[in-house]
């Protein structure tokens with residue numbers, strides 16, 4: 001459960017056993033923690049001659065548990081003659097007969113005291129005892145389970161993960177009520193001691209993938225993990241790529257669907273973003289809503305997403321290529337119209353496109369960072385710099401504004417942000433190629449991109465599968481979305497062990513009969 | 001790592017080294033819409049109709065001045081002249097979007113169009129979908145200088161108007177560069193080219209005032225079909241001959257014709273669908289041609305008291321129309337083979353298709369033998385609809 005890695009620089013000082021002297025212990029704890037004001041030490045003489053102390057971090061413990069289960073039981077313990085109890089049994093007596101909290105454990109090391117304090121436990125130190133009691137009372141303010149900000153849907157569950165790992169695991173368990181849902185936790189980060197949970201469906205997820213995830217998590221050696229993004233960069237297969245090979249989601253339903261496909265989820269305490277591996281190129285075009293809407297609409301939307309991917313990646317470079325190299329390809333009237341717009345525009349199409357794309361990227365970044373109260377200002381200024389004003393000023397042509405707009409809008413159609421970001425990077429490369437070689441350059445770029453994409457892997461699975469290598473049976477949920485009765489098998493490409501999803505008939509006989517009535 | 005860096009640098013340098021040698025911004029192009037060729041003392045005079053984009057596009061607000069400008073230069077060859085146009089034009093001449101190629105009658109009949117077509121087809125930048133036409137009784141420069149209303153770019157007007165009329169009016173035919181070239185090199189068919197004329201004062205046509213009135217004084221109009229022998233213009237077909245020619249070549253789609261009523265007046269018939277088939281028949285190495293025209297039409301107007309509700313009347317109208325079409329075709333073939341001795345109908349091509357061996361023997365003296373060729377015409381005219389009225393309006397009008 002706990003990490004066994006030791007980091008001498010930080011832990012050696014506190015790596016010692018608990019002493020028998022209460023005052024010395026308390027002194028030591030205070031000093032180690034730097035007399036931090038949120039450390040609460042309550043010295044306690046209620047237990048007759050046994051001086052005791054409760055130590056906890058304010059804000060990390062549930063006040064209700066502290067009062068009703070710990071303090072009250074200690075003060076109002078059954079009036080037995082404590083003198084009768086032998087000294088070495090005092091602790092057991094307290095543990096089994098006085099305290100009514102559920103989660104109590106004996107600890108002997110100072111290290112454990114600090115880890116437990118930070119984990120929201122209450123430590124009961126007893127004078128004359130080298131053993132302390134750890135009483136689980138964790139409870140702090142959490143964000144409520146709210147609708148996820150990213151990956152929102154019109155139809156479907158509106159719950160999103162929050163920052164609490166326990167809540168997040170609960171959200172998954174509530175959807176998959178099966179003992180095969182296994183959760184493995186470990187602590188990563190020798191200072192932050194962040195709990196990281198690996199969740200998978202045993203006998204569905206591939207053992208090799210599970211073991212690989214375990215190994216890669218094991219290898220992480222860092223002081224702190226503040227978000228699942230840290231983990232993602234440590235465990236991803238290829239670092240020299242702009243494409244994400246780890247999927248992340250804020251939606252419990254998405255995570256559950258992935259688990260049911262045999263993928264492995266990695267939950268990190270303190271962030272609502274859950275990682276999913278293996279992640280394939282096609283996964284980034286799947287939205288949770290695809291599965292809640294009718295199949296035909298979902299298929300259409302999915303095709304639109306693939307189209308948007310290409311528009312977001314290639315629209316400016318296409319425009320550059322056509323307008324500076326291949327004017328003969330345009331319909332005559334369109335050419336005249338475009339030429340009319342370009343009259344008096346001072347820059348070459350490439351510079352013009354670069355200018356507009358950069359402006360847009362700046363606006364986008366500003367829009368994300370800007371405080372909500374002044375957000376309006378950005379949109380007003382934005383419409384000026386990318387819009388009619390820029391055209392009227394003679395800096396850019398109207399067609400370019402349209403191109404930049406369609407590009408920007410298209411990149412938001414991709415349901416997962418990670419891929420949308422990589423598309424933005426590729427877009428600039430493609431623009432450079434288009435400006436130097438025209439369509440020839442774009443084609444070279446696309447060929448290189450295809451080679452690169454097909455060479456990528458995510459946890460042993462080819463990134464472009466089921467397209468390359470082609471797995472025909474998996475196209476049912478990638479290129480299009482087959483109606484649920486036809487999705488009888490789990491995808492082969494996520495390496496699931498047990499492929500059967502529905503019985504051969506698809507619909508059970510009993511259900512059919514009942515439906516007829 | 002160093003190796004990778006070097007590789008990357010090399011790749012980047014390769015990109016820069018080639019440069020952007022064929023890059024051209026749209027606003028550095030003079031888009032030629034129409035190209036005209038006239039005869040000149042020392043070679044040929046090339047006229048380019050270049051579009052002024054700002055003068056055409058409607059979204060830039062008020063359009064001032066002419067939508068087109070015309071540049072002319074004289075040089076021994078076509079492309080020399082085109083390059084020479086930059087002496088007067090501020091922009092590089094861009095030929096890809098040329099819509100019409102206008103050749104003057106003088107040039108076409110004396111010099112021949114072969115060399116021009118050769119250079120135009122050879123250039124990979126030029127799409128061979130532009131229409132070729134002959135400027136009748138005028139110069140190509142005049143045709144291209146004339147401003148037109150409705151379609152501001154007159155080359156566009158020439159293109160669209162020819163396309164529309166060839167679809168809806170039997171006597172015109174479209175000849176694009178591709179087809180013209182094909183017919184020029186094929187032995188079994190001689191090329192034809194549409195003629196275009198200036199109606200009204202040619203000088204006034206180039207003034208903006210011309211398009212500011214509701215009835216411009218100067219207009220461009222298509223007239224007749226020019227007959228070519230090899231690459232030289234040798235004569236013109238009149239309207240009836242053109243009709244006959246188009247029926248034979250299966251160029252007619254929709255048109256309107258008329259037949260006479262039994263007493264005074266006419267009945268107009270609108271073709272809904274027209275098709276014709278040409279078949280060569282060879283008996284004892286003597287070829288003959290069978291032409292079958294099939295028309296489905298509707299009654300467009302009845303300008304007499306004919307009882308078209310009566311099936312006999314319809315039958316008679318059909319027979320009249322059939323014989324009329326047959327007559328048109330017959331006249332066209334007879335006058336062309338008598339006057340010009342060229343095979344613009346593609347009879348030779350058809351014989352070649354049926355019996356290539358026989359064609360090999362006939363090929364060399366085909367134009368002479370053309371007059372002896374027996375051509376059989378059949379027509380099948382069907383009036384399927386009579387419109388929203390039954391008998392003529394005239395029979396109901398009260399005295």
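Using N, Cα and C of the backbone, Cβ positions are placed for all residues, glycine too.
TrEMBL labels come from automatic prediction, so no person has curated them.
Range A:425-449 is the one annotated as transmembrane segment, of A:225-249, A:350-374, A:425-449 (source: TrEMBL).
Looking at A:286-305, A:306-325, A:326-345, the range annotated in TrEMBL as transmembrane segment turns out to be A:306-325.
Range annotated as transmembrane segment by TrEMBL, chosen from A:174-203, A:384-413: A:384-413. Checking TrEMBL for transmembrane segment across the ranges A:264-285, A:462-483, A:484-505 points to A:264-285. Within its own chain, the transmembrane segment (A:306-325) is flanked in space by residues 285, 338, 342, 348-350, 353, 357, 399-400, 403-404, 406-407, 410-411, 413-414, 419-420, 423-424, 426-427, 430-431, 433-435, 437-439, 441-442, 445, which lie at least six positions past its ends and keep a Cβ under 8 Å from the stretch.
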